[in-house]
Amino acid sequence: MIKLVLLRHGESQWNRENRFTGWHDIDLTDQGRIEASNAGKLLRAEGFTFDIAYTSVLKRAIRTLWHVLDEMDLMWLPVTKSWRLNERHYGALQGLNKAETAQKYGEEQVLVWRRSYDTPPPALEKSDARYPGSQARYASLSEAEVPLTECLKDTVARFLPLWHETIAPEIRKGRNVIIAAHGNSIRALVKYLDNVSEDDIVGINIPTGIPLVYELDDDLKPIRSYYLGDQDALKKAQEAVAKQGKA
């Protein structure tokens with residue numbers, strides 16, 4: 001049986017401040033580092049091991065993976081970093097407080113921006129300091145590949161080439177894979193693997209620092225999926241994510 005592990009990064013500073021983060025490269029809090037280390041300890045205790053790891057080019061995911069691999073004594077593991085695993089780009093909302101944005105635009109509108117499948121937030125201007133196109137880490141991307149905003153549909157389209165061309169072939173070779181990424185890039189893969197409808201994806205919330213395990217058949221179709229660890233703590237963490245966009 002094939003097991004794939006997905007892990008959203010530990011709590012970041014902007015998670016704590018309840019801000020839209022997107023492609024902004026904010027670091028983990030002390031709590032986020034603890035969450036990441038605990039995830040590594042839990043994976044080791046449950047008998048997991050890995051042959052290759054994937055993460056984004058944002059430090060909160062990279063550092064989370066470091067902590068996990070350190071706890072598992074797998075720091076030597078090959079790691080592929082890809083912009084395709086970045087968080088969804090939140091456009092002009094990046095940096096804004098979610099509750100304050102809900103007060104201004106209404107909770108319903110913010111829910112649409114945060115969780116709907118095909119409605120992006122207002123776009124950035126290319127002249128905006130938050131536009132990622134001028135950053136060295138994205139120098140190899142075409143102008144069309146650098147987003148000004150994204151909906152989840154855009155994130156799925158961005159991520160799937162990496163899945164089909166790189167990650168899935170490694171899994172088919174029998175390699176054990178961990179992906180340390182972000183709430184919406186993981187939601188993108190969950191939607192694809194589980195064939196979640198556009199309506200139902202609104203209700204899927206990925207908590208920070210809790211490993212999500214997929215058991216897959218030989219065609220990489222899910223047999224089942226489950227989170228490791230305390231299930232009461234998981235439920236509270238998912239509820240906390242869902243409440244972030246309330247006024």
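Every residue gets a Cβ built from N, Cα and C, even glycine.
Since we're looking at a predicted model, the values are computed, not measured.
The substrate binding site feature in Swiss-Prot is assigned to 8-15, 21-22, R60, 87-90, K98, 114-115, 183-184; the stated evidence is sequence analysis. Taken from Swiss-Prot, the feature active site, tele-phosphohistidine intermediate covers H9. Annotation source Swiss-Prot lists active site, proton donor/acceptor at E87. The site 'Transition state stabilizer' annotation in Swiss-Prot covers H182.
Structure with Swiss-Prot features highlighted.
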residue	record	Cβ neighbours (10 Å)
R8	substrate binding site	31
H9	active site, tele-phosphohistidine intermediate	32
E11	substrate binding site	22
W14	substrate binding site	20
G22	substrate binding site	26
E87	active site, proton donor/acceptor	26
R88	substrate binding site	29
K98	substrate binding site	23
H182	site 'Transition state stabilizer'	27
G183	substrate binding site	20
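Considering only the recorded positions H9, E87, H182, the residue whose Cα is spatially closest to the Cα of G22 (substrate binding site) is E87. Between the CA atoms of E11 (substrate binding site) and E87 (active site, proton donor/acceptor) there is a gap of 14 Å.
E87 (active site, proton donor/acceptor) has H182 as its nearest neighbour among the recorded positions R8, H9, W14, K98, H182, going by CA to CA distance. A straight line from the CA of K98 (substrate binding site) to the CA of H182 (site 'Transition state stabilizer') spans 17 Å.
Under DSSP, H9 (active site, tele-phosphohistidine intermediate) is assigned to coil, being neither helix nor strand in the three-state scheme. G183 (substrate binding site) sits 8 Å from H9 (active site, tele-phosphohistidine intermediate), counting Cα to Cα.
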